[in-house]
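Residues or ranges marked as L-histidine binding site in TrEMBL: Asp131, Leu132, Thr133, Arg158, Gln174, Asp178, Arg327, Tyr331, Tyr332. Annotation source TrEMBL lists domain 'Aminoacyl-transfer RNA synthetases class-II family profile' at 62-417. Feature annotation from TrEMBL assigns signal peptide to 1-27.
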Amino acid sequence: MPLLRLLPRRAWAALLSQLLRPPCASCAGAVRCQSQVAEAVLTSQLKARQEKPNFIIKIPKGTRDLSPQHMVVREKILDLVISCFKRHGAKVMDTPAFELKEILTEKYGEDSGLMYDLKDQGGELLSLRYDLTVPFARYLAMNKVKKMKRYHVGKVWRRESPTIVQGRYREFCQCDFDIAGQFDPMIPDAECLKIMCEILSGLQLGDFLIKVNDRRIVDGVFAACGVPESKFRAICSSIDKLDKMAWKDVRHEMVAKKGLAPEVADRIGDYVQCHGGVSLVEQMFQDPRLSQNKQALEGLGDLKLLFEYLTLFGIAEKISFDLSLARGLDYYTGVIYEAVLLQTPTQAGEEPLNVGSVAAGGRYDGLVGMFDPKGHKVPCVGLSIGVERIFYIVEQRMKTKGEKVRTTETQVFVATPQKNFLQERLKLITELWDAGIKAEMLYKNNPKLLTQLHYCESTGIPLVVIIGEQELKEGVIKIRSVASREEVAIKRENLVAEIQKRLSES
């Protein structure tokens, strides 16, 4: 058994003691069952691990724990993003965290090597999902769905070198919005860009710019410059690195590593340095090379129409036609876009945070057809919000400003100044819970009043209700404002109404 060879010597004694146990009843005294052997091996490995004095408890590279403080910030970001998706009529859905490996392969170009493959479990070769787009396309094809507007929030996994200081991880959350179906050109695409603007404006991250291009224009440029069609995707992957690398380094990669002729690379360089608005689109229509390419002309025509809709949406000034934008994923077929922050909200004198793009997306009209047995296509366009990078920016801003975060939503604390009042506190807190009020109390029979009040101040609970002998005798409850320390006595039967009134006014 190969598994047994993995055991350290010190684990053999523990393993033998496990194996000498009587076989399970289902084996009827015959060959020992595999489950018992596996259990013995795992037990022995755990014992060996526990005996190691230098064992370090840590999380895997490229992952992170999220504390309650982190989760409060993250939930606020996600709430804003999801509320925008819902405002635009999207339904929510989810897919498995892992897919059949064949579903995911050959969809991501050079990045396919970054997928996490799982060990064979019962005859299926599986991989953790790399993004939320390919599983969505698989869902549409499998369920024969022709139209859908959906959003999906979930974790994805990529086996790349993490850059924690830039909010890049191997396990991270994606927030996707997609429109599937056959519609008139550029209307859904324009709405996706509008959604990106609404979300980035709402998050108040600073000024931003959304770069747009079209995969047909990218391919048209390559063809016009003399790139062999067999190298289109490889060269596209190199161009996609221009937001991280200088042009000379990208050019070197294309020539030295991917075998592109230097003069062809130089011609590409003339195009990828162009960026502007609708006037650049018009200029490209007159370009002697691009004007001869049918694909490029189709892409330019759609971009011209897109800018008309973006102007009507009032966001054209946030959009830049950028010929350096390529988006390396293989499944894009039309308009592509990527949002970058022009500056992050740091204090004077500090270096701005470089986190790359914070949202991206595009049109992928052929992906669903790759899964359909008859090749039926469902045109799709969508966007993905870079939650981890946004979270990193917000987190750094809060550190700079020294902002504190409340990790609970408790509205009222039930306290007592005297001993032997646990039963009365339990009755009172039950009354508050049943009325839908968020309430807490200390899990002690006889807590000190000062300890209870300090807890409220440290956790930000706004109100305290106090019950003691005097209050019980008079049929009242004291309400204390933690901020002002003012106390008033309220009749017991009016307590809930008074608390609800105060909470609505705060």
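First residue shown is number 1, and so on along the chain.
The backbone N, Cα and C atoms fix where each Cβ goes, and this holds for glycine too.
Over all protein chains present, the Cβ of Asp131 (L-histidine binding site) has 20 other Cβ atoms lying within 10 Å. Note on the binding-site residues Thr133, Gln174: the fewest other CB atoms within 10 A surround the CB of Gln174. Neighbour list (Tyr332 (L-histidine binding site), Cβ cut-off 8 Å, at least 6 residues apart, same chain): Arg215, Gly362, Arg363, Tyr364.
Taking a C-beta cut-off of under 8 Å and a sequence gap of six or more, Arg327 (L-histidine binding site) has these contacts in its own chain: Asn213, Arg215, Cys236, Asp240, Ile336, Glu338, Ala360, Gly362. Taking every pair among Asp131, Leu132, Thr133, Arg158, Gln174, Asp178, Arg327, Tyr331, Tyr332, the residues listed as contacting L-histidine, the largest Cα to Cα separation comes to 21 Å.
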